[in-house]
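In what follows, a structure is listed as structure tokens, so that the remarks can point back to it.
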């Protein structure tokens, strides 16, 4: 498997070989008739010699990008990755890593954004982290036991739930009161401005210029006061509208 050369080449290998070598050793001994005779005896010793033999190379060479798990196997099943696999990945194909969940890329160097897809399973908020993610809930909710769903916060014991509807009704009553006060002040303002529209003063004001001027100043003061009251009430009315929307 994944072998690109199946013809095993051979090479000559020299090695030392031991063997038993006979040695003939001469010596003198006594022969019959009281004579000295020369003879020999055979002894043996270990000798060494160099021998040559053909040693086969590994039976096959692996295809590019593959290697053997060990030198005794025939198949080439170990993939080679030139860039080391990161974040717990392992080399599964030449130049490509097999990544654990949460990572992707040729070397498992890129984090997978689980929150970008709709398969995260979070009911409200999804927060992406390095190699993983976790769910979260909005204000007023807590994370359920499955760490994905959200459930409303339970009010403390003894809390009167009917009081929660109170501010809403009170706010509506205050808004209606503010509207009626604004309308009444606008009507008063129109009455005060009426003499200035037709340039006719009331009959109880004398013809004296000082009396006319004093009356005019009093009317201007009333106009300023009514205008300020109307502006203040309108601001409160807008604030109540915003609170009601929230």
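Backbone N, Cα and C define each Cβ position, glycine as well.
When TrEMBL is compared with the stretches 83-105, 106-128, 129-151, 152-174, the one noted as region 'Disordered' is 152-174. Of the listed disulfide-bonded residues, namely 81, 99, the sparsest CB environment within 10 A is found at 81.
Put simply, residue 99 (disulfide bond) is 13 Å from residue 81 (disulfide bond) when counted between their Cα atoms.
Counting neighbouring Cβ atoms within 10 Å of each of the disulfide-bonded residues (91, 108), the lowest count belongs to 91. In this structure, the CA atom of residue 91 (disulfide bond) is 9 Å away from the CA atom of residue 99 (disulfide bond).
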